[in-house]
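S.K.: From TrEMBL, for reference:
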ACT_SITE  A:His150  active site, proton acceptor
BINDING   A:Asp143, A:Glu215, A:Glu217, A:Asp249  Ca(2+) binding site
BINDING   A:Tyr145, A:Arg159, A:Gln256, A:Tyr260, A:Thr375  substrate binding site
BINDING   A:Asp249, A:Lys269, A:Ser273  Mg(2+) binding site
DOMAIN    A:30-135  domain 'Fumarylacetoacetase N-terminal'
Number of protein chains: 2
Amino acid sequence: MTLQLNETHDVNLRSWVTSANQPDTDFPIQNLPFAVFRRAGSHQNFRIGVAIGDQILDLAAAHAVHAFAGFTELQGGHFTAAVNAPNLNGLMQSGAPVWSALRLALSRVLREGSPLQGSLHACLSPQNTAEFALPAHIGDYTDFYTSIHHATAVGKLFRPDNPLLPNYKWVPIGYHGRASSIAVSGQHFRRPVGQTKPPTVDEPVFGPAKRMDYELEIGIFIGPGNALGDRISMDQAESHVFGLCLLNDWSARDVQAWEYQPLGPFLAKNFASTISPWVVTLEALAPYRTGWQRDSTDPQPMAYLEASSLRSSGAFDIELEVLLQTSKMRETGTAAQRLSLSNFRHSYWTVSQLVTHHTVNGCNLNAGDLLGSGTQSGPAPEEAGSLLELTEGGKKPLQLANGEQRIFMEDGDTIIMRGWAKKDGAARIGFGEVSGTLLPAVI
Amino acid sequence: MTLQLNETHDVNLRSWVTSANQPDTDFPIQNLPFAVFRRAGSHQNFRIGVAIGDQILDLAAAHAVHAFAGFTELQGGHFTAAVNAPNLNGLMQSGAPVWSALRLALSRVLREGSPLQGSLHACLSPQNTAEFALPAHIGDYTDFYTSIHHATAVGKLFRPDNPLLPNYKWVPIGYHGRASSIAVSGQHFRRPVGQTKPPTVDEPVFGPAKRMDYELEIGIFIGPGNALGDRISMDQAESHVFGLCLLNDWSARDVQAWEYQPLGPFLAKNFASTISPWVVTLEALAPYRTGWQRDSTDPQPMAYLEASSLRSSGAFDIELEVLLQTSKMRETGTAAQRLSLSNFRHSYWTVSQLVTHHTVNGCNLNAGDLLGSGTQSGPAPEEAGSLLELTEGGKKPLQLANGEQRIFMEDGDTIIMRGWAKKDGAARIGFGEVSGTLLPAVI
């Protein structure tokens, strides 16, 4: 499935929700991402919403005023149940024809001149008075390792002579993560405690982690799954992907270094992971497809990881930014400072390759499962997606504009990640942001 | 929480379900494990059942005839909802006082002379006409690595000079596994395909895994969880454990060897895992508590992994057996052949230590989560819990009694695992069995 551009991508479309027509909005009418929300501080049930400008359209309320009449894919009990659910799992399960019809219907009723403007106006609420929940019940979470720049930089710190392991260019390396500790943007979490082994002593010590880090990732929400034992081919892979979000895979590097051999990261990662509330569909990102390249000196993908459209349009051109706001910046009213800017197009493996590889052995995916791309570091040092890389393993402090320094995170630090796709001749497609704050450890 | 013996453990108790009084039954009245079942081939909803001899007591039906009247812990809407659910999550969530009251109530009404025998008789159905579902919705699955004998034997194959890594004796090594592909005993699954790299060639190849293996494990079902950020202390750990089952963690060793660095096993493990239908409570196992030892030459556990009762009664004495039935054995009516016999008491870390370590960083557990103990190999070579160990990495074929040989599993092989606790002066507590069958690959 390679989505073609259609009327919903027209750069000239304008919405009667006028904030959606601002050139710098993340959420023009060409985007239409999904989230789960309610009025902040209320005890209402969470509901599915669609971003339009600085507003949220309540999807169930829109359905109730017949906004989707005339679309056969958007009728019946399954669809009604899916849009009235407190999470996106039902809509994720419903499949690409429903997603595409819903996008077209939303695009039409939110356009300037829509006859439904009057009735839909009452289905809007401002984003700045909303609180969000996780977009889906996440059954299983898998994290990949798709930036060769990240893998090389991190590998150098652990194995200077042999930074990239022999399997890296053949296998989309991944591992299972913890689903229960994933939360939506705004998460505040305690600095984890545990075992670490400082290089200067013979025995491990117990206490708060000292090398706290973030990881800049794209999250991939699975749509319809596959039965146990079935495989998903490259040509079918994208029909199993509902959309993308931002993901911060918090990491305690000192815990990780001591625990990770031979079975991989565990307590270094499972105390918290944070995702953006908004899930941007692959269809919204169609204008930002880009070619995926593999150096001729590198191994080419095995046949099961190849597809005819891979080289022309297998990747996505999405800018990814990390910002830091320290306690001191908050106290002094200083804006968050950018730490790095990277791009998802640098990924060594594509979204389709991750889905296909994950299922090649018959492993079953389910609607709402989350895949992480792994830290999206670009080729240049300033495109690194973690402090571990930016500070060269803690050896080179970051000098901040307000005079502070950072090697790893300090208590009170908030990390903000943003993502967007932008180019001439297409509407800007934004991801909003994911933020999270490190609180002091409780001993 | 260290459970004391009480009237439910009395070796002299007899049930009016006479099959429960056979000396070799897995399910005497002193056991009372839980499962989720329905009549085989029916389209009924799955229900919670309790094993008694060769029968299953329908828990909701027993509740409906007031079998639990007189126990204040077993009244009210929460309890009624929990026993009427199609999985054990509600009962797991309800906590140790409810589990203990329910065990006492079941013990009393199933005893010889119970006035409820007449009405409860109609709540029984034979195990041999039942089909089972997973006992719980498993939110997250974590697999540990608690046999030092397994870790050393496997480590020798990969790193002859350095079999046991420096962290092993300090950290209960664990990693996250795949929840979606866990199924109940009777699972048939396809031989997985994927990338492997034979040592004789320079590049990886694609095809069916050749080194298919099982892993003999104990599964640990979590009861009430902990909030994200909270820790569970050693003293509290067992109040968060509902019970134990048998777990076969199928492994594709050639896939594992090629993919596992640096982030751990992934496709080598996530195509299938199989558990026994019956979950045996810790209270049923109280007579089989045994001391947990740590050699004086080994590092003693860090303070957070210590408890006053650890050395006297931290471990469980549970025999664990692996049997193989090949296609040829089935065709010729030959019984399955034992491959090994081990014991859970050899575990280097206890159930409480796994729960406490898992949450020391604030990671949240939820009712129904499953922890795997890791392969339970004992100190002697014939106690090895995997073919990898029994055949010394595939170098020493196993000679079977019917003339067949095995290095790794062949298509059509069924692996059966059994577990039981037995000693003079206490009733035998059995786990039943977990079986699974390898089907040919689909290319």
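Positions of Cβ are set from backbone N, Cα and C atoms, glycine also.
Map these features onto the structure and tell me what's around them.
M.R.: Secondary structure from DSSP puts A:His150 (active site, proton acceptor) in a helix.
Cβ environment of A:Glu217 (Ca(2+) binding site): A:Asp143, A:Leu246, A:Leu247, A:Asn248, A:Asp249, A:Gly372, A:Ser373, A:Gly374, A:Thr375, A:Gln376, A:Gly385 lie under 8 Å away, each six or more residues apart in the same chain.
With a cut-off of 8 Å between CB atoms and residues at least 6 apart in sequence, the same chain places A:Phe266, A:Ala268 near A:Tyr260 (substrate binding site), listed in sequence order.
DSSP assigns A:Ser273 (Mg(2+) binding site) to a strand in the three-state reduction.
Mean model confidence for the domain 'Fumarylacetoacetase N-terminal' (A:30-135) is a pLDDT of 97.
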S.K.: Using a Cβ cut-off of under 8 Å to chain B, which of the binding-site residues A:Tyr145, A:Arg159, A:Glu217, A:Asp249, A:Tyr260, A:Thr375 qualify?
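M.R.: Qualifying residues, whose Cβ lies under 8 Å from chain B: A:Tyr145, A:Tyr260.
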S.K.: What recorded positions in the list A:Tyr145, A:His150, A:Arg159 lie within 10 angstroms of A:Lys269 (Mg(2+) binding site), counting C-alpha atoms?
M.R.: none
S.K.: Between the Cα atoms of A:His150 (active site, proton acceptor) and A:Glu215 (Ca(2+) binding site), find the distance and write it as a whole number of Å.
M.R.: 10
S.K.: Calculate the distance in Å between the alpha carbons (Cα) of A:Ser273 (Mg(2+) binding site) and A:Glu215 (Ca(2+) binding site), and round it to a whole number.
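M.R.: Spelling it out, the Cα of A:Ser273 (Mg(2+) binding site) and the Cα of A:Glu215 (Ca(2+) binding site) are 10 Å apart.
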S.K.: Using DSSP, what is the helix/strand/coil residue split across the domain 'Fumarylacetoacetase N-terminal' (A:30-135)?
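M.R.: Counting residues by DSSP class gives 45 helix, 24 strand, 37 coil.
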S.K.: For A:Gln256, A:Ser273, A:Thr375, listed as binding-site residues, tell me which one has the smallest number of other Cβ atoms within 10 Å.
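M.R.: Per-residue Cβ counts within 10 Å for the binding-site residues A:Gln256, A:Ser273, A:Thr375 bottom out at A:Gln256.
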S.K.: Measuring Cα to Cα, how far is A:Gln256 (substrate binding site) from A:Glu215 (Ca(2+) binding site) in Å?
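M.R.: Cα-Cα, rounded: 13 Å.
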S.K.: Sequence gap of 6 or more, C-beta under 8 Å: which same-chain residues meet both conditions with respect to A:Arg159 (substrate binding site)?
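M.R.: Residues satisfying the criterion: none.
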S.K.: If one looks at the chain holding A:Glu215 (Ca(2+) binding site), which residues at least 6 apart in sequence have a CB under 8 angstroms from its CB?
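M.R.: Those within reach of A:Glu215 (Ca(2+) binding site), by Cβ under 8 Å and sequence separation of 6 or more, are A:Asn248, A:Asp249, A:Trp250, A:Ser251, A:Gly374, A:Thr375, A:Gly385, A:Ser386.
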S.K.: Relative to the Cβ of A:Tyr145 (substrate binding site), which residues of the same chain, six or more apart in sequence, are found under 8 Å away?
M.R.: A:Ala151, A:Tyr168, A:Pro172, A:Ile173, A:Gly174, A:Gly374, A:Thr375
